[in-house]
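Quick notes on the structure that follows.
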């Protein structure tokens, strides 16, 4: 007893569930092979659900011809393919949009064992080729996604490093200002103590002079005022302390002139130029003469006085 079409398909390597649907839909081995090739990319669930419409599906191949029946077939004049039934021809037309068909009395012979093996190898080769192409596409997509991920990671890291650097500069500037404030406060306290001490001494001397009938000693505050007036009207040998720095700043948007207290840090100068610099953080200041560039957290933590930019300077901003 010969093998059934289903057994042949299973022996050729087709999945049993797919083979059963193929035989049921087409009615014969040759039609089943064609159907399996046309539907090899569809998931089994989709094929199983569509099997319920077998009675109306135009891909259904009628049962094999019985003894005594006249063989009939259809031929597509556009591609030369032959079909056992009108239903197969209609299905072919729906797939390819071919419309030129002709009737034939030729009966389509079943596939030989060699033809079956060749057809199976062809189906396997097509499937392997498709999988290989998809693997290449998947690998390329994975490579692109990895590049995007690495770029995104680097950008985030750069932003974090820049923010950390800015925080370090701010912390250094705040610490420096706190130290200056402490020094100024201590100096004021020392001056107040010295002034109180001097006032008590002068008061004691004045009381002693009064008891002895002498003239009181002169007020030192009046003598200091007189000395200051003398210096102001004299040769000017005493140099006035510089408290401000005039800066000529060449930015991408043009030249800007600003005046800052000498204790202002370069970081604070840079922050004041963000708007004029197109919203971009300042990375460096460069003096043309003498040639010197200030950049990084160490330089940006310096005051204008410490950087030697007083009483005036010309800086290129980048």
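The backbone N, Cα and C atoms fix where each Cβ goes, glycine too.
Taking TrEMBL as the reference, the stretch among 200-237, 238-275, 276-313 described by the feature region 'Disordered' is residues 200-237. TrEMBL assigns the feature region 'Disordered' to residues 36-69, out of the candidate ranges 36-69, 70-103. Which of 127-157, 158-188 counts as region 'Disordered' depends on TrEMBL, and there it is 127-157. Outside the region 'Disordered' (127-157), and at least 6 residues removed from its termini, the chain residues within Cβ reach (under 8 Å) are 40-41.
Within the region 'Disordered' (127-157), the DSSP-based counts of helix, strand and coil residues read 31 helix, 0 strand, 0 coil.
DSSP places the residues of the compositional bias 'Basic and acidic residues' (200-214) in helix, strand and coil in these numbers: 13 helix, 0 strand, 2 coil.
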